[in-house]
Amino acid sequence: MALTRLLIKDFRNIESADLALAAGFNFLVGPNGSGKTSVLEAVYTLGHGRAFRSLQAGRVIRHECAEFVLHGRVDANEREASVGLSKSRQGDTKVRIDGTDGHKVAELAQMLPMQLITPEGFTLLNGGPKFRRAFLDWGCFHNEPGFFTAWSNLKRLLKQRNAALRQVSRYTQIRAWDQEIIPLAERISEWRAAYSDAIAADISATCALFLPEFALSFSFQRGWDKESDYGELLERQFERDRALTYTAVGPHKADFRIRADGTPVEDLLSRGQLKLLMCALRLAQGEFLTRQSGRRCLYLLDDFASELDTGRRRLLAERLKATQAQVFVSAVSAEQVADMVGEKGKMFRVEHGKIEVQPQD
C-alpha cells in the first residue's frame, strides 16, 4: 500500500504541487513555516477527509480560494487506483475513487490506513480517554467490517438519548433508545476487548525494543463495571443521567490504560520516553494490521527530531525501515534524517509552499 503520486491544489500555503513519491521514505525538509507539515497534512486529509491540525475546512483552504483539491494514485497489492477529495469553505465534501463520485470518506480510510506521529501526539498517552479510544477504534475499524456502522449508530442514539434526558421524567420514556443502544454497546465493547487482547503481544514486543528499562502493562476498561449488566445499569442510573443530562456510562467512556512499573506512564516517563512509547504503539498497530490483512500502513512523522536524541532517532529509523512501508518524514534539516536515507528514499525541499525534489548523494 503506497501513494505513488500526490497532487495538491490550494491546500494551506501550497498553491499547486504534483509529487512523484517513493515507495519507501519521503523526506520533507525545510525551515519552520515552509509548508512541509502541510504536505503531511495533505496526505493525512486524503485518507481521513479532515486535517490533523484543524477540523474546520476554511482554515486549510488557501487564502481567498473557494476549495482545496487533493488527488492521489494508490498502488495497492499490484492494483492501481485513483482517489480524490475536495472540500469547499461551506464544508461540502466530494470523494472520487477511480473516477466515480458519490463515495464516502470511510472508503478512503479503508484504502489508505495511516499512522500519524506528531509533537501533539502525546495526547494518546497524557490526554483524555477519547484519544486512547480512538487508538482502539482505528484497529477495530480496519479489522471488523461492521464496526464503523455500529459505532456511528451508537453515537447517533446516544446523542438522541442525551437530548431526551432533558425532557423526560420517567425511565420508561427513554427505554426505547436503550433497547437499541444496549446490543450495540455490548458488541462494540466485545470488539474493542478482542482487539486489545489480540494486539497486546505486538505492543509488548515493540515497547520492549524501545523502552527495555520499563515493565509495561496494558488494560482495557470498557466504560462500565465489568460485573454489571449494561441494560440494568442504564435503568439504575437513570436519575443520575437525567440530572447530568448525559449518559454517564457506556462504550463512549471506555479507556485503554498504559502503566510502566505499575505507574501511569504520563506520571513516570520523560517526554523523550513518551515519544518513543507513542511511536512503539503506532508501529505495533501498523505491523499488526499488516500481519492480519497483508496491508501496509502509511506512516506520517512530523518534526521527526523533536524530543529524540541521536540514538533514539536511529532506533526509530531502523524500525520504520523494517516495516517496508511508505513513510513521510518532516524535518528542519537533512542531517536530522541522515540515518533514514536509503536507495528507496526521496528528498523534497520545501520553502514558502514550493516543493522541489532534491538530489541525494
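Please read every residue number as a count from 1 along the shown chain.
Glycine residues also receive a Cβ, built from the backbone N, Cα and C atoms like all the rest.
Taken verbatim from Swiss-Prot:
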type: BINDING; residues: G30, P31, N32, G33, S34, G35, K36, T37; note: ATP binding site
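Counting only residues at least six positions away in the same chain, the Cβ atoms of V332, E351 sit under 8 Å from the Cβ of P31 (ATP binding site). In this structure, G33 is the one among the binding-site residues G30, G33, G35 with the smallest number of other Cβ atoms inside 10 Å of its Cβ. The ATP site is set by G30, P31, N32, G33, S34, G35, K36, T37; from the centre of their CB atoms, other residues of the chain with a CB within 8 Å are S38, S330, V332, V350, E351. By the criterion of other Cβ atoms within 10 Å of the residue's own Cβ, the least surrounded of the binding-site residues N32, S34, T37 is N32. For K36 (ATP binding site), the same-chain residues that are 6 or more apart in sequence and have a Cβ closer than 8 Å to its Cβ are L28, V29, G30, S330, A331, F348, V350.
Following the DSSP three-state reduction, the secondary structure of G35 (ATP binding site) is coil.
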